[in-house]
Amino acid sequence: MGKEDKAHINVVVIGHVDSGKSTTTGHLIYKCGGIDKRTIEKFEKEAAELGKGSFKYAWVLDKLKAERERGITIDIALWKFETPKYYVTVIDAPGHRDFIKNMITGTSQADCAILIIAAGTGEFEAGISKDGQTREHALLAYTLGVKQLIVAINKMDTTQWSQARFEEIIKETKNFIKKVGYNPATVAFVPISGFNGDNMLEASTNCPWYKGWEKETKAGKSTGKTLLEAIDAIEQPKRPTDKPLRLPLQDVYKIGGIGTVPVGRIETGVLKPGMVVTFAPSNVTTEVKSVEMHHEQLAQGVPGDNVGFNVKNVSVKDIRRGNVAGDSKNDPPVGAASFTAQVIVLNHPGQVGAGYAPVLDCHTAHIACKFAELLEKIDRRTGKAVETSPKFIKSGDAAIVKMIPSKPMCVEAFTDYPPLGRFAVRDMRQTVAVGVIKAVDKTQAVAGKVTKSAAKAAKK
């Protein structure tokens, strides 16, 4: 397979604070990744000087994280590694303050979650206890549509690679992920030591009892031994090029001599020069003159591409961040008057009732929305109603809620356009709830502004 033919996939690494996420991820990036030797030697030298020699892989990741948090845009290649079949990007590791928010408004949807579980005595139990972060992260991943999962049982060296401990942990973890919603038969369970790099890329010699992992999905059965093989066995996601265009704007620039240039990530569909696009909820329709990515002109942009595109006769005042561009002839986006969503309250100190009006982060929009009506309280696992018209909901509860945005916003049902159908509820500077949109009451598009070039292009 030629280098260019490899598919790109995104993984998110989840697990308890001390499960060894950084060390494990650092190791993969270190061994198969985009970090050049010079950088690594520099990091190793610094780590040794600070007496952190033992943490060198985690140190690599900490350095990257620190630079990222300081707003230094890190060469994103550093967060990539290669398997025989894929280019893999690690989109975020929890522990990062905004992990939950990032996962939802996410720069990209993860195709697979890697759940790292620590095998140490007491560690495992703490990690998946009732109030554990692990449960929350796994639930989030599942709720937000990350349908594939790999479980890595880490720190096996601390248990002397005990088969009994491994089997005990697998039994417990299977129950745990089943409750979250995953089917254990479709999941690879891999014993590793991220610290020693054992069973990560090459089969470990420390566990002669280990016969390998196997999983069975609709696509068939696959088996392997190492974590790398498990990542390689992720099923390639279908990218939604066949859906109508949805492109949430991240920014709108005014560039001298060129004009107005909206910038954003194509979530679904394709964007081509000559297309007539409508921006919602601004309700402005115009023609796309050119599309570019990394300063190169594109014949077309596809899902996942971060593009800038030049539009005719539209001023920077007409459109803004949070607007969504779509094809004016193919299910164009419109604003939402209200919508119903399944909301899961994660950590709110009090009770949430009708009238609560926090800020919603949905794709690039950031808008206050009112909980107009609590329709029913539901069981998080089954989705079945347990109470109609509850007065309040609290942390741990899930409910179907009717929501009304305080000003026009463009959202979609999760089943139609996933990236525009999930949101984070922010209050008190933290994510207090997450939601998945079930249905949208779309405002009837009144005749908006149609530029001359759009009218002309439409006649063609």
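Cβ from N, Cα, C; glycine included.
Which of 15-22, 239-246 counts as region 'G1' depends on Swiss-Prot, and there it is 15-22. Range with Swiss-Prot annotation region 'G2', chosen from 71-75, 96-100, 321-325, is 71-75.
Taking Swiss-Prot as the reference, the stretch among 38-41, 154-157, 170-173 described by the feature region 'G4' is residues 154-157. Lys317 (N6,N6-dimethyllysine) sits 38 Å from Lys80 (N6,N6,N6-trimethyllysine), taking the CA atoms of both as reference points.
Annotation note: Met156 (GTP binding site) sits in a helical segment as assigned by DSSP. If you measure from the Cα atom of Asp18 (GTP binding site) to that of Lys80 (N6,N6,N6-trimethyllysine), you get 22 Å. Lys80 (N6,N6,N6-trimethyllysine) and Lys21 (GTP binding site) are 15 Å apart (CA-CA, integer value).
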